[in-house]
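Visitor: Pulled these from TrEMBL:
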| type | residues | note |
| --- | --- | --- |
| DOMAIN | 1-47 | domain 'Sushi' |
| DISULFID | 18-45 | disulfide bond |
| DOMAIN | 48-105 | domain 'Sushi' |
| DISULFID | 76-103 | disulfide bond |
| DOMAIN | 106-167 | domain 'Sushi' |
| DISULFID | 138-165 | disulfide bond |
| DOMAIN | 206-265 | domain 'Sushi' |
| DISULFID | 236-263 | disulfide bond |
| DOMAIN | 266-352 | domain 'Sushi' |
| DISULFID | 323-350 | disulfide bond |
| DOMAIN | 353-412 | domain 'Sushi' |
| DISULFID | 383-410 | disulfide bond |
| TRANSMEM | 448-469 | transmembrane segment |
| REGION | 474-494 | region 'Disordered' |
| COMPBIAS | 474-483 | compositional bias 'Low complexity' |
| COMPBIAS | 484-494 | compositional bias 'Pro residues' |
| REGION | 526-609 | region 'Disordered' |
| COMPBIAS | 528-543 | compositional bias 'Low complexity' |
| COMPBIAS | 562-571 | compositional bias 'Polar residues' |
């Protein structure tokens, strides 16, 4: 992490970079915002990984890791040969080098029988597949002419020519056709009496018969015969595959080799099962309780898990992915099941929906209830003093990345200008279609509730003060004293706050406040009363309390101060430079003072005392 300009105050930027072989997960740039927090979430570095490689049909992949610089090795199953690179490496781009190889199946078929000899296959499970070996052996008194071992080649043929067995002595030679079986192997010798030893051997024709048909498939006789040594090949309809041996041979006992195959439909692997397996592995990974960063990251990843509807998994069908409400899919939403049972594309992922920062409104300001503008976030609109809000005072970030309703406006005109009815909110939804999170239900009206409460207490306090003044005034008249000829100018009435909880984000202070005159630095703070009392006011006025109310509705009682026989309504003058002042909105202009009959004015209404 690098601090641009080596500063950490408002507007400073921090740039994140990862070491070689690691990539950054999260924002690469964070800015210090006006709430003394860095924007966005803290990123982290994770080692580059290439993910699961493609596995060819009839092949396998081996490797010890899927991370950068790791190698994977491709091998083909018995009866297949590899075409392409057998080794792939994980690159820094997070992809495997080159293209996946292919595995091609090869079957050379059974070799014909050898007269006076025996054919021995090394592997009975895959006797005629690629690289299979067959051995030849002759009967006693016969020798082998040709190669004793033959190998199945990539071309689908056996190496060299078929050998034969030759008699060691001059004896009677009996020809036997390939599709005939010599039932009794015997050697006849010509005796000196001119006769042959033993009887003439018998040859029997071997026929395995036409193989039965396979459902949703066909078979083909490669030599158009069903005699000994013949081969039958099985094929299935499109999008179906052979379950069992593709080829069968006619054996010496008159039966076809192996079990009868069948055709099964080609299906793509289960995507939901793969997701469950992956999520199970993630949940089973143990994380130390003290590692809160990894625990929080694991919880966030759990909320972003994707779901899939894989459908029938047949060739040509589609699987569709979906995310939770308030999230969007990054990648392809659907994947197609291709031939040979392979899904195209790759698995997408889910990310949270964010709304753009709303524009400021003229003569007003915006307050966000959250640091980020993620789905479900609420922003509130407030107007400056003397301006009226037209439209809803809050808007919600919806699941399509836009703000609900319309942007309100602030106007000096308090009449309804219309056109904003579609932005009202209830506890669970708003008319523009954006549902609210439970954590925000009811929280959107906090500003109004607090403002109304503060206003009520302010008005109540002023009313009580008026009653108190009136009661003391009547008492003075009954004692024979007359009140002054001119009333003392009343202090400026407190302003009624509409939104009492709106704070200045730069200072944390309330930007709507009523400042008493004796704290103002303007020329109005030193205004003197328009008239004064007699030099010897009645004693009953010496204990008259002066009531002052703050913008929180709390009553502040200051004792009266008599200076040179004049009764004033403020505290004794002091060094105003020692009073600590906090940043605030410009104070309202003081009301004009006009002589009038004795009385007190509250919120512009004259009340006679």
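Heads up, residue numbers simply count up from 1 along the chain you see.
Any Cβ shown, glycine's included, is placed from N, Cα and C.
Walk me through the surroundings of each of these features.
Guide: In the three-state DSSP scheme, residue 45 (disulfide bond) falls into the strand class. Same-chain residues at least 6 positions away in sequence with a Cβ under 8 Å from that of residue 45 (disulfide bond) are, in sequence order, 18, 19, 22, 23, 24, 25.
Reduced to three states, the DSSP call for residue 103 (disulfide bond) is strand. Note: residue 103 (disulfide bond) has non-local neighbours 56, 57, 58, 59, 76, 77, 80, 81, 82, 83, i.e. same-chain residues 6+ apart with C-beta under 8 A of its own C-beta.
Annotation for residue 138 (disulfide bond): spatial neighbours 114, 116, 117, 118, 144, 165, 166, criterion Cβ-Cβ under 8 Å with sequence separation of six or more.
For the domain 'Sushi' (206-265), the DSSP-based tally of helix, strand and coil residues reads 0 helix, 26 strand, 34 coil.
All protein chains shown were included, and the count of other CB atoms within 10 Å of the CB of residue 236 (disulfide bond) stands at 21.
According to DSSP, residue 350 (disulfide bond) is assigned to a strand segment.
The Cβ of residue 410 (disulfide bond) has 19 neighbouring Cβ atoms from other residues within 10 Å, across all protein chains displayed.
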Visitor: State, in range form, which of 106-167, 206-265, 266-352 has the highest count of Cβ pairs under 8 Å to the domain 'Sushi' (1-47).
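Guide: Answer, by Cβ pair count: 266-352.
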Visitor: Only counting partners 6 or more residues apart, tell me which same-chain residues put their Cβ under 8 Å from the Cβ of residue 383 (disulfide bond).
Guide: 363, 364, 389, 410
Visitor: By Cβ count within 10 Å, point out the most packed of the disulfide-bonded residues listed: 18, 165.
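Guide: Top count of Cβ atoms within 10 Å goes to 165.
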Visitor: How big is the gap, in Å, between the Cα of residue 236 (disulfide bond) and that of residue 323 (disulfide bond), rounded to a whole number?
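Guide: Answer for this pair: 39 Å between alpha carbons.
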Visitor: Does residue 350 (disulfide bond) have same-chain partners at least 6 apart in sequence with Cβ under 8 Å from its own Cβ, and which are they?
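Guide: Those within reach of residue 350 (disulfide bond), by Cβ under 8 Å and sequence separation of 6 or more, are 304, 305, 306, 323, 324, 327, 328, 329, 330.
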Visitor: What does DSSP call residue 323 (disulfide bond) in the simple three-state scheme?
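Guide: In the DSSP reduction, residue 323 (disulfide bond) maps to coil.
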Visitor: In sequence order, which residues at least six apart in the same chain have a CB under 8 Å from the CB of residue 263 (disulfide bond)?
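Guide: Counting only residues 6 or more apart in sequence, the Cβ neighbours of residue 263 (disulfide bond) under 8 Å are 214, 215, 216, 217, 236, 237, 240, 241, 242, 243.
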